[in-house]
Amino acid sequence: MAPGRSGYRLRFRSGARISGDSEQTQGFVQEPGSCAEDPGGIVLKRVIVIDNYDSFVYNIVQYIGEVEPDCEIEVFRNDEITIEEIERKNPTHIVISPGPGRPEEAGISVDVVRHFSGKVPILGVCLGHQVIGYAFGGKIVHAKRILHGKTSKIVHNGKGVFSGVKNPLVATRYHSLVVEEASLPEVLEITAKSDDGEIMGLQHKEHPTFGVQFHPESVLTEEGKRIIKNFLNIQDIQVKKVSEETEIDIVSALKKLVEFEDLTFEESRQVMNFIMSGNATDAQIAGFLVALRMKEETGDELGGMASVMREKSIHIKAPSPRTVDTCGTGGDGFGTFNISTTTAFVVAAAGIPVAKHGNRSVSSKVGSADVLEAGGYKLEKTPEEMERELKETGFSFLFAPLLHPAMKHVMPARRQLKIRTAFNLLGPITNPARVKYQVVGVFDLSFASKLATALQRLGTERSAVVNGGFTDELTTCGKNNLLLVTQEEIVPMVLDPEELGLKSGDPEELKGPSDPKEAYRMMESVLKGEASRTQVETVALNAGVVFWLVGECDTIKDGVGKALDLIRTGEAYKKLREVMDYQKTLGNS
């Protein structure tokens, strides 16, 4: 872990050195204010380090201070700063540290690369290097060898951060994962390789964004300080301000769309960021959404838009990597009872946290928010209350209007359009808890592969995009289509309820009441096992797929059996009561 507390500021003096591990570390003083320039009027470098909870952060900070004595360094853990807060600090350089796990587990790191690449010079070290590869669409795979504190010879191209560096150089490696060369994005180029053929250096072809898989800050790495110095010597690129040039991007995007040309993931991100920052006019937003629909949205376009929505949302910290969501697109018009919401309580009863993202009615007569509210659930919570509830009960409803404040910029255009737009598809894949396991119901099978691609681009671990034929839920009323989505592949499947030991159901029994209180009573009856077989087994089928996705059960059939047991034993209904009783412990809003 990095020295001192998260979010500390270091102002280096000429010739400073760091030693010790307290907040009063020798060689620097902590200052509360900005450090835009020194008393002599020289503009100072501002370096923000994203700390991925790794002890090497200390060494990186020390090296930065030694090679650039007149600089300001601020260190923030990867879950304790937002994109907007970084922008306000106007850094001249950003460093993404090493750390445990994979890029998609590294908090804000991936979003930092996607947002600031091309605006601010970025250096990623080890995990940070993998973050860069992943952020632009590369795959992170197991290395040929697991190395911990071992040295290798690194051959490099002598450019960028390797300018003037000994070639080959001996470098220290601590990693079990690498960026896969076969899936390397077109925008990235390899700048260094190890003697065993692994990628050791990357650089964006157009941006000052660099990654090194090895540790330049290790004492056993040759010329590590020169690599750091080369990075810091890159001419500062200030964060782009809203300008006419930015507006041209949305106009250019519109021109492409009306010619039925697809946008890339990054292009859709740029347009979405412009829109969600409040810089687009209602006419531009409406034109973009209509043109996108007329051309037909792609998975990359939806993924790019969703990634910005996630960045702009209020982040909810999940209590477990296995936290799931059961949110669908709605829009099927069939008017089913609240299947996905009921499913959530069965899943939570098994000890798997459910961060249920949702809103009021879309296609059902009563939306998930409506039915929960009818049972006494408090929708208006602070983010801290949601996190606490999720941790203590295993369930929390993430009421979308509270957690997506940037949506205010698009609502006027959406209200005036009154047609289906890309935003009708984005809800399920923009969960503020950044869940990695989901069952995403889709009202139209033609959108399934697009949402699957978007989920893959967003870093899902193991999710399913499903369609029940006449509804955006899995049902026992016929065969269901399912796309299994992992980081490596998208696999189509057909689920036949009868092959899972379930009886063919009657679609009419899935229709729900129009009164929220009656809808809540129906949910209670299903969770008690007192509802019709079609209703109970449909919920069990959806929960069973979740159990299979998160690895709770080896097969979907086993998952269905587990779900039925949780209903029959009363555990599912008990979880509902626990969550509703928990609401009484919360203050009135």
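Every residue number used here counts from 1 along the chain in the order it is shown.
Glycine is treated like the rest: Cβ placed from N, Cα and C.
Going through GLN130, GLN213 against Swiss-Prot, the one listed in the L-glutamine site together with GLY99, PRO100, GLY101, SER176, LEU177 turns out to be GLN130. Of all the Cβ atoms in the protein chains shown, 27 others lie within 10 Å of the Cβ of GLY99 (L-glutamine binding site).
The shortest Cα-Cα distance from SER176 (L-glutamine binding site) to any of the active-site residues (CYS126, HIS215, GLU217) is found for CYS126.
Taken together, the residues in the region 'Anthranilate phosphoribosyltransferase' (253-589) have a mean pLDDT of 93 on the 0 to 100 scale. Taking only the Cα positions, the spacing between GLU217 (active site, for GATase activity) and CYS126 (active site, nucleophile) is 11 angstrom.
Of all the recorded positions listed here (GLY99, GLY101, CYS126, LEU177), CYS126 has the Cα closest to the Cα of HIS215 (active site, for GATase activity). The full span of the recorded L-glutamine binding residues, GLY99, PRO100, GLY101, GLN130, SER176, LEU177, taken as their largest Cα to Cα distance, is 12 Å. Each of PRO98, ARG102, PRO103, GLU105, ALA106, CYS126, LEU127, HIS175 belongs to the same chain as GLY99, PRO100, GLY101, GLN130, SER176, LEU177, is absent from that list, and has a C-beta within 8 angstroms of the C-beta centroid marking the L-glutamine site.
According to its DSSP assignment, GLN130 (L-glutamine binding site) is helical.
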